[in-house]
Amino acid sequence: NLFDEMHEKGISPSVITYTCMIDGFCNHGKWSDAERLLREMIERNIDQNVLTYNALINALIKEEEFLRAEELYSEMLRKGISPDTFTYSSMIHGLCKQTRLDEARQMFDSMDSKGCSPDVVTFTTLIDGYCKAGRVDNSLELFREMLIRGIVADTVTYSTLIHGFCQVGDLTGALEKFQEMISSGVSPDAVTFRIMLAGLCSKEELQKAVAMFVDLQKSVVDSQLEDE
């Protein structure tokens, strides 16, 4: 309503106003309304920026509107708007969801030459893509590259790798990564424990599963005591 009121009073919304509105629509799953605002910006000769396109591209990929996301990415490049790490992470996520892993890797590898470094989200996104395709060796190679670059793996990264090992039935690899996670000072969360428990149960390692469940209960109690 406030946005419409600005129009009625002859106040021209800025790129910041439009981008905030586009981001708001995207966060509520209304990407078609967001795209309408982008077209309005273009018609009114209001310059767009990388944040404008990021919001839409990310929303389209979540909705699995991959072709439209790629069209907007190409449009952005034609306009001379440089992608940032968030743009690349979103596009790589979209390619991984389509199992276009070689293209995802090519885009990942091109980032440094474009002056844009991958972060933990970018790495984890591609690691997840490899794991879901059963290419755990590729995910491990990428994980090592991440550590060499000095990027700290987080709970999501480790959980993703552990899940990848469990999916291919490599329980030893999953347990090793779980232990590495603990020794690195990265705290497992409920998702990590659920992945490990499912992996152990699938291999009928019930004794280990019970022991892990006890550890989980203890960690929950400890965290509650810390909160108090």
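Numbering starts at 1 and runs along the chain as displayed.
Using the three backbone atoms N, Cα and C, a Cβ is placed for every residue, glycine included.
Going by TrEMBL, these are the annotated features:
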| type | residues | note |
| --- | --- | --- |
| REPEAT | 14-48 | repeat 'PPR' |
| REPEAT | 49-83 | repeat 'PPR' |
| REPEAT | 84-118 | repeat 'PPR' |
| REPEAT | 119-153 | repeat 'PPR' |
| REPEAT | 154-188 | repeat 'PPR' |
Sequence-remote partners of the repeat 'PPR' (84-118) [C-beta within less than 8 Å, at least six residues beyond its ends]:
50, 53-54, 57-58, 61, 64, 66, 69-70, 73, 76, 125-126, 128-130, 132-133, 135, 138, 151
What are the helix, strand and coil residue counts for the repeat 'PPR' (14-48) according to DSSP?
26 helix, 0 strand, 9 coil
Summarise the model confidence on the repeat 'PPR' (14-48) as a single mean pLDDT, whole number.
86
Helix-strand-coil residue split for the repeat 'PPR' (84-118), DSSP-based:
26 helix, 0 strand, 9 coil
